[in-house]
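Q: Below: one structure in structure tokens.
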């Protein structure tokens, strides 16, 4: 029986690169793949998945109201499909995650989903939350923080480089808006008060980083 796979990570771990390589491996063997990408992500143009190392492929865009089971079923009426790959899977809805599981169970087509686990506040995305619960296989794609530790979190930053703590969960951007960090540096950036927020700059109370 086909399985639902979820490859998760923070940003800059090569998720899209792995997706494109997986699709290439299928196609090299004469098999057909379908790449899905959320229409909200237009960093590289509509209907396209691209990696930071310069490779790209066309994709079929979807939005949160689309029925992905029906979308895939319609594609199989044109050509047989051997694998479905989903980029930026954190933007899936709970219902769409279930529909992808139906692609595996009803159509017997494996689904490989790639996405972020948590947002800039350390909270799970809707799609990631339900993929973590429903996927048959979970795989973490790893990258590193500037300190050398494994990076598991992401910070949203302003144009001036200041950490943004509040705002909408979804805001499309790349390295100019987000920084990949370990849990320690995430907590320091999010929870430690900036100097200009301290009530008394000459207070003898030690800062968190000095404790």
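Cβ atoms here come from the backbone N, Cα and C positions, even for glycine.
Reproduced below are the annotations present in Swiss-Prot:
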- 9, 10, 11, 12, 13, 14, 15, 16, 87, 88, 89, 90: ATP binding site (BINDING)
- 88: active site, proton acceptor (ACT_SITE)
- 145, 147, 182, 185: Zn(2+) binding site (BINDING)
Q: Are there any residues in the same chain, six or more apart in sequence, whose C-beta is under 8 angstroms from the C-beta of residue 9 (ATP binding site), and if so which?
A: 15, 116, 117, 140, 141, 142, 143
Q: Enumerate the residues of the same chain, 145, 147, 182, 185 excluded, that satisfy the criterion Cβ within 8 A of the mean position of the Cβ atoms of the recorded Zn(2+) site; list them in sequence order.
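A: Along the chain, the qualifying residues are 144, 146, 148, 149, 151, 181, 183, 184, 186.
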Q: I want to verify one value. Collapsing DSSP to three states, which class is residue 9 (ATP binding site)?
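A: It is in a strand.
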Q: Relative to the Cβ of residue 89 (ATP binding site), which residues of the same chain, six or more apart in sequence, are found under 8 Å away?
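A: The list for residue 89 (ATP binding site) reads 6, 113, 114, 115, 127, 128, 131, given in order along the sequence.
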Q: Rounded to the nearest Å, what's the C-alpha distance separating residue 88 (active site, proton acceptor) and residue 145 (Zn(2+) binding site)? Just drop the number here, would you?
A: 21
Q: Could you find out if DSSP has residue 145 (Zn(2+) binding site) as helix, strand or coil?
A: coil
Q: With a 10 Å radius around each C-beta, find which of these binding-site residues (15, 185) has the fewest other C-beta atoms nearby.
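A: Fewest other Cβ atoms within 10 Å, among the binding-site residues 15, 185, is found for 185.
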